[in-house]
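K.L.:
For reference, Swiss-Prot lists these features for the protein:
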- 5-25: transmembrane segment (TRANSMEM)
- 26-46: transmembrane segment (TRANSMEM)
- 60-80: transmembrane segment (TRANSMEM)
- 96-116: transmembrane segment (TRANSMEM)
- 122-142: transmembrane segment (TRANSMEM)
- 149-169: transmembrane segment (TRANSMEM)
- 198-218: transmembrane segment (TRANSMEM)
- 242-262: transmembrane segment (TRANSMEM)
- 274-294: transmembrane segment (TRANSMEM)
- 330-350: transmembrane segment (TRANSMEM)
Amino acid sequence: MHRNILMVLIANVVLGTLIVLSSHHWFTLWVGLEMNTLSILPILSYQFTPRNVESSVKYFLVQSVSAGIVLNVVIIQAWLYSSWSLMEPLNQATSFLMTLALGLKLGLFPCHYWFPDVIQGVGFIQGLVLSTWQKIAPFAVLVYVVESLNISLLASLGVLSVLVGGWGGLNQTQMRKIFAFSSIAHIGWICSTVGYSVSVACVMLVAYIIINSSVFFMANSFDLKSLSHVGRLSLYNFVGGAGLVLSILSLGGLPPLFGFLIKFISLKCLVENGCFILAGVLVMGSLLSLFFYLRIAFNSSLTLFPQHSLVVFSWRSNRNQTGGFTSEGVLLSVSFGISSLGLVCLPVFISLLN
């Protein structure tokens, strides 16, 4: 793909998300979602391998179904209220349909099956875009209509997503699938909280994007495709291994790292609203995710799998020996620094919530 075409597609992805964020009209909101989806498809199949194309087709089919459901909701709303305004409340039928459509776009249970396969079939950078930027537009729609949705249903789907994300990642050895199930679990945390506090959910989404960016950039820099690659990282790059451990533990939510803020402010919000059972189930579900986070950390820092010397040296490719500053390196440094020094930012986040 020519570089100019790629830049135009990236600009359209950004523009589609901005249209959704600034929309007060159902039709322009739907147009923004479609611009976002259609522009990301050529980027997903950038390398044009069979696996990339397969993932792009899966993503297109899922997003097409979701867009069709959203369009049906838009038409029903316009027919009922003779208005395209987002301020009009949803009824019971359109509320359920909108929950289903947003669940498909966000990868919530029970509409999460497509997400790990799509992430596994694309590169790390494309997977990062799907896990972070592509969540912003549907999350904005969720914020617009959250007052009309069934909060109990949304919280239940969020809890089940946390459990499924933790359970699904236990048996995985491919790093991209582990990150995909981790993303499902984190989106479950955010959706469980958004019905009780939109500001808390927005802060959680920003924190998740920062932490996930550091993990994906690091995995892309060292080409960590599986747990066996992680086990060889610390032998040749101690700093990289230590950075991966800190980023993974931050993603798992261990204090005093930045990821702890996601769990802390969510539990604080739920307890203040009297949702003690919901908070307890979320904590137990996060323990499942923490298990495979710790497994990655142990493989990176404490253990080294037995292997032949030829296998070890074949892993040391030239891509890890390039010098100079790159945009990816700058983004990695910034996101890793924030994700590692989380409690330094705690007063800022508390002031944002008050």
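Here the Cβ of each residue, glycine as well, is placed from N, Cα and C on the backbone.
A quick note: this is a predicted structure, and the numbers were derived from the prediction, not measured.
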K.L.:
With CB pairs under 8 Å as the measure, which of the listed stretches 96-116, 149-169, 198-218 comes out on top against the transmembrane segment (122-142)?
P.N.:
198-218
K.L.:
When you scan the chain for residues with a C-beta under 8 Å from the transmembrane segment (60-80), skipping those not six or more beyond its ends, what do you find?
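P.N.:
Same-chain contacts beyond the flanks: 26-27, 29-30, 33-34, 37, 41, 88, 90-91, 93-94, 97-98, 100-102, 104-105, 111, 114, 141.
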K.L.:
Please give the sequence-distant neighbours of the transmembrane segment (274-294): residues at least 6 beyond its ends with Cβ less than 8 Å from one of its Cβ atoms.
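P.N.:
The answer is 155, 159, 162-163, 165-167, 169-170, 172, 178, 181-182, 185, 188-189, 192, 196, 248-249, 251-254, 263, 266-267.
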